[in-house]
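Heads up, the thing below is written out as structure tokens.
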Amino acid sequence: MATTLNPSEISDLIKTRIEAVKLSAESRNEGSVTSVSDGIVRIFGLADVMQGEMIELPNNTFALALNLERDSVGAVVLGDYENLREGDVAKTTGRILEVPVGPELLGRVVNALGEPIDGKGPLGATQTAPVERVAPGVIWRKSVDQPVQTGYKSVDAMIPIGRGQRELVIGDRQTGKTALAIDAVINQKGTGIKCVYVAIGQKASTVANIVRKLEENGALAHTVVVAATASESAAMQYISPYAGCTMGEYFMDRGEDALIVYDDLSKQAVAYRQISLLLKRPPGREAYPGDVFYLHSRLLERAARVSEDYVEKFTNGAVTGKTGSLTALPIIETQAGDVSAFVPTNVISITDGQIFLETDLFNAGIRPAVNAGISVSRVGGAAQTKIIKKLSGGIRISLAQYRELAAFAQFASDLDEATRKQLERGQRVTELMKQKQYAPMSIANQALSIYAVNEGYLDDVPVNKLLAFEEGLHAHFANTQGELVSKINSTGGWDNDIEASFKKGIQEFKTTGTW
């Protein structure tokens, strides 16, 4: 006999089965890749994408949304794009790019995404921060009044740099720009200033050499190296300065001092130009996009000296009574000394001064090849140590007068005594400003050298023996007046007792004749 089912039983059975089915609904914003070329992906069908948002692609690859158009999104791939295909699924993440930050990064070499590339294992950093951030406002800033010693007599005496300043280092290729910046990093050993060195578009061998030199000089322990080498994509070179800045800001926000070197921003601008042209953005002067000024201004404005209130607010009261600072040394490479090109003029107008390095001076053996006439520090004077400020006033004047007189002396057959003395003093000052690479000088030694040349103690020393005399003088003071040297290095003060000690020590050394 056939079993008959009531319609109500059938209905109950269907309801039970429906209730037993477990469905989970997940809202996703997905699109599909329509083209991939030269590190740029075009994605159709993505809605509600934010400018600068991370877009997830297959194989754990991410892209950065830069062009938001009516029907599609133009994004730049961060990393390898060879495995991407037309039709691949792209998803929004709702996040912007973040990199690891913290003291765990000190002594490490990372790429633009904060991933370690030095073979020393994982970083162990527990915190991350977005690469793009609004610069501190006017209310949160403090004036620059503490020095950053570079260890170079010519810079610390004539073009002083303060904590929180942006000082441009500009010059042609092979004029010693990187050498100056690396020596400044080495000189921060023992000062408590943390350093970040960002290598943009450089040869990997050059970066490896810099890391080795930092390690040899004991400076890698307080330094983070961010490397986006020439072999990496334009996207990595474009974001690397922002990533490095974020790593430096970590220390500034917690009431510490940091120094960041961007080497160099010319290559970042070229990488950004490449990305912009591939995204079909309209080109402007020198084919750069219209927002290339903003590219650098939003980066360099993040370097600042911030107040105690800012640090206290940022740390929720964990750190009180301390100011923080991020000092920036951006480097720009010029072509045949043309500082009126687009990118150099932009960065000159953004920064608080510039150090011009000249090919002619470099080839003449004057290294660092600083042109004191057109180099300037707009805010660093307030940050100079007392002793250097007191003694260095005559240096710039001596050099300026020497250059003027040297030009006239070429046409004069005989010179009066005063002119001849000025020329000889200028020659000695120029010679004394020379300094070897990887040999930054302490405040006391700088002060001693400047005092000796200003007071005429070097007038009877042959020019070709000046540097040997200087080396011997420093060694003499270290042996006979070590306590005074330590006091000057720690306080930077100047008084009559120090002057008397300088006079006596220099005269004693000259009588020994051991130079």
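Quick reminder: no glycine exception, Cβ is built from N, Cα and C everywhere.
Look at Swiss-Prot and you will find Gly171, Asp172, Arg173, Gln174, Thr175, Gly176, Lys177, Thr178 tagged as ATP binding site. The site 'Required for activity' feature in Swiss-Prot is assigned to Ser375.
Projection of Swiss-Prot feature records onto the structure.
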residue: Gly171; record: ATP binding site; Cβ contacts under 8 Å, 6 or more apart: Lys177, Glu333, Thr334, Phe356, Leu357, Glu358, Thr359, Ala369
residue: Asp172; record: ATP binding site; Cβ contacts under 8 Å, 6 or more apart: Glu333, Thr334, Gln335, Ala336, Gly337, Leu357, Glu358, Thr359
residue: Arg173; record: ATP binding site; Cβ contacts under 8 Å, 6 or more apart: Glu333
residue: Gln174; record: ATP binding site; Cβ contacts under 8 Å, 6 or more apart: Thr359, Phe362
residue: Thr175; record: ATP binding site; Cβ contacts under 8 Å, 6 or more apart: Leu357, Glu358, Thr359, Phe362, Ala369
residue: Gly176; record: ATP binding site; Cβ contacts under 8 Å, 6 or more apart: Leu357, Phe362, Arg367, Pro368, Ala369, Gln437
residue: Thr178; record: ATP binding site; Cβ contacts under 8 Å, 6 or more apart: Ile210, Asp263, Ile331
residue: Ser375; record: site 'Required for activity'; Cβ contacts under 8 Å, 6 or more apart: Met158, Ile159, Gly353, Gln354, Ile355, Phe356
Near-site residues: ATP, ref Gly171, Asp172, Arg173, Gln174, Thr175, Gly176, Lys177, Thr178, CB cutoff 8 A to centroid: Glu333, Leu357, Thr359, Phe362, Ala369
